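Feature list (source: Swiss-Prot):
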REGION    1-34  region 'Disordered'
COMPBIAS  8-17  compositional bias 'Basic and acidic residues'
COMPBIAS  19-28  compositional bias 'Polar residues'
CARBOHYD  N25  N-linked glycosylation site
TRANSMEM  86-106  transmembrane segment
TRANSMEM  120-140  transmembrane segment
TRANSMEM  143-163  transmembrane segment
TRANSMEM  171-191  transmembrane segment
TRANSMEM  202-222  transmembrane segment
TRANSMEM  238-258  transmembrane segment
TRANSMEM  275-295  transmembrane segment
TRANSMEM  317-337  transmembrane segment
TRANSMEM  379-399  transmembrane segment
TRANSMEM  405-425  transmembrane segment
TRANSMEM  443-463  transmembrane segment
TRANSMEM  514-534  transmembrane segment
REGION    538-571  region 'Disordered'
Amino acid sequence: MADGSDLENNHKPELDRSQPGSTSNGSQEQKDPDEIAPEYATGVRLILVMFTIFVSTILVSLEIGIIATAIPGITNEFRRLDDVGWYGSATFILAAAASPLWGKLFKYVDVKWTYLSAVFIFLVGSIVAAAAPNSVSVIIGRAIQGWGASGVLGGTLIVINYVAPPRNHPLLIGTWMAVFMVSTILGPVIGGGFTSGVSWRWCFWINLPVGGPIIVLLLLFLRIPKHIKKVPATWQEIILALDLPGFCLLLVSLVCLTLALQWGGQTKAWNDGSVIATLVMWIVLSIAFLVTEWFQGQRAMTPFSILTLRMTWSNALFCLISYAALYQVMFYLPIYFQSIHGQSAVKSGVNTLPFLAFFALGAVVSGGVIGKTRYTQPFELLGALIMTAGMALIYILDVDSPQAMYIGAEVLFGFGVGICNQIPMTAVQGFSKQEDVSSATGIMVMCQTLSGAYFVAIAQSLFANRMLATVLSGAGHLDPALVLGTGASELQHVFSGEDLTEVIAAYMVGIKDVFAFSLACAAFAVLLSLIIPFKRLPDHGKKDKPATEEAAEEKSEAEGKVSGDKEENHS
C-alpha cells in the first residue's frame, strides 16, 4: 500500500492532459486510449440538476439567517440567555472546520453519494434541533446542520464545475451566490413568521418536507460525467487524507475563540483568568493547526501545494475579507432597522429587499460578463471599490437617517458586493487542475464559513461591549442582562421614556462600531484585489493549463528574461 503522504502523487496519470501533444517523456502527441471526451449536461437535464442543487442551497442558507428570529422563542422556552451566541456560532464553527474534509471526500469518494450524505446529515441536524428537549440539544442540532451545510454548499459548487459546460460556470456561480444571499437574508423573515405564528421548532421541521424531495430528485437526475474520475485510493488512504488531526485542532481553536469573545466584557471581565486562558488556547491551537498542515503535506486539509499558489491564496484572502464585510451588514442592518427605527422583523426584512435585488443583479451581471471576457481580477477590484463606497454610506447612518438614505446606501453596497463576492470561487476553480477542484473548492468554502465563525463572533463582541458600556455610562440603573437579553425588535415594548432613548443611543454606538469594522474590511478587500493575478480564465476550446503549470511557465519566462538581460549587458 502506498504511503498516504504520497497519495496524490501515486495516482497522477502518466499522460499530462493539460498539454496536448506531450507525454511525460516529452514525445509527440499521442492519443490516450483511456481518455474520455467531456460530456456535460445540457437542456432539460442541466436545468433539473441546477434546480435541485439550488433548492438545496436555499434550504441550507435559510438556516443561517433563520435563527436570528427564532432565538426569542428558544430563550423563552429554555431560559438560557447565556447560550444565545451558540445557536448561531455552532453552525459556522462546524461548517468552517468540516469544509476541507468535504472537499477531500468529493475527491476520493463518489460525488453523488457524498452530496446525498451531506443533505442527509443536514436533515438529521434539523430533526435534532426541532425535537430538542433543552438548549444544549438545540446547539448540537445546529452544529450537525453546519456539518451537513458545508458539504451541501461545497458540493453544489463542485457539481456545477463537473456537470455544467465550462463556459457557463461564471454565470451559474453568480446565480448560485444570488440564491444563497437572498435565502440567507429572507431567513429571519421566515423564522419570525414561524416563531410568532406557530413555534420556533418549525424553523427546523420545515426542512424535512423540502429535503425529502431534494434527495429523490438528486437520485433521479444527478449524473456525474464519465470523464470526471475520483482519485483511486483505499479506505485507509482516504482516512489519512482527511487530516483528522488538523480538523480537530481547527475545530477546538474556533470553540476557544468563540468562548473568549462571548465571555469577554459581557459575562466576565476581559482580564478574567478563563477569558485569558481561552484566548491563549486559541492562539496555541491555531499555530499547532498551521504546523500540522505543513507537515501533513498533500494529506493536509488545506494542501500547501494548492494554497501557496498566488491565484489561490490571494482569492482566498479576498473571499475571507469580503465576506467579513458582507456578514456584518447582513446581520446588523436588520438590527439597525428594528432597534433604531422600531420596525418589526418582517418590515426590516422588506427594507433589505433593495440590498438583495441589487446583490442578485451584481452577481448575475458579473457572472455573465466574466463568462464572455474570461477576466476576473478587474471585476473584483470594481466590486470592492463600489462595496467600499456603499459601506461608507452605511457607516454614516444615524438614529434620524431618512429612508432614502439607508436604501441608497444598501443598494450601492449590495451591487458592489454582488459583483465581486462570487468571483474568487470562479477564479480558483477555473485555474485548478481537475483533480484539485474539490480540494480547492473546500478551501474556498472554508474561507466563506471561517469568515462567519471569526468575524461574526468578533462583531458581536464589539457590539455588545460598546453598547453595554454606553448604556452603563448613560443609564447606570439599567440591568445589563436585561438590555442584552431584549431582542432588537422588543426594545420599544420593554423600555420607555429616557431609558428607551439611552438604550437606542447605545445600540447606535454599537452598530456604528460594527459598521466601521465592516468598512475597514471592505477597504482592505480593495487592496487585496490589486494582488490577485490579472489572467484570463483558461479557454475551454483548448486544453486548459492548470495553475501549477502556469506558475511554472511564469517562473521559466522570468528566468529567460533575466538571462536575456544579462546577455545584453555583456554584449
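Note that Cβ sites are derived from N, Cα and C of the backbone, with glycine treated the same way.
Panel annotation: around the transmembrane segment (514-534), residues 310-311, 314-315, 317-318, 321-322, 324-325, 328-329, 332, 375-378, 380-381, 384-385, 387-388, 391-392, 394-395, 397, 420, 427, 455, 458-459, 462-463 of the same chain, lying at least six beyond its termini, place a Cβ under 8 Å from a Cβ of the stretch. The transmembrane segment (86-106) shares the most Cβ pairs under 8 Å with 143-163, out of the stretches 120-140, 143-163, 202-222. Only pairs six or more apart in sequence are counted, and the transmembrane segment (238-258) with the transmembrane segment (171-191) gives fewer than three Cβ pairs under 8 Å, not enough to call it a contact.
Tertiary proximity for the transmembrane segment (143-163) is limited to same-chain residues at least six positions away from its ends with a CB under 8 Å from its CB atoms, namely 40-41, 46, 49-50, 53-54, 56-57, 59-60, 63-64, 90-96, 98-99, 102-103, 105-106, 111, 114-115, 117-126, 128-129, 169, 172-173, 176, 180, 222-225, 228, 425, 429, 437-438, 441-442, 444-446, 448-449.
Residues of the same chain lying 6 or more positions beyond the ends of the transmembrane segment (171-191) and with a Cβ under 8 Å from any Cβ of it are 50, 54, 57-58, 61-70, 153, 156-157, 160, 164, 200, 203, 330, 334, 345-346, 348-350, 352, 355-356, 359-360, 363-368, 370-371, 418, 421-422, 425-426, 429. Stretch with the most C-beta contacts under 8 angstroms to the transmembrane segment (202-222), considering only 120-140, 275-295, 317-337, 405-425: 120-140. Contact counts against the transmembrane segment (443-463), taken as Cβ pairs under 8 Å, peak for 317-337 among the stretches 120-140, 275-295, 317-337.
Cβ atoms under 8 Å from those of the transmembrane segment (120-140) belong to residues 59-60, 63, 74, 78, 80, 83, 86-87, 90, 146-149, 151-152, 201-205, 207-208, 211, 215 of the same chain, restricted to positions at least 6 beyond its ends.
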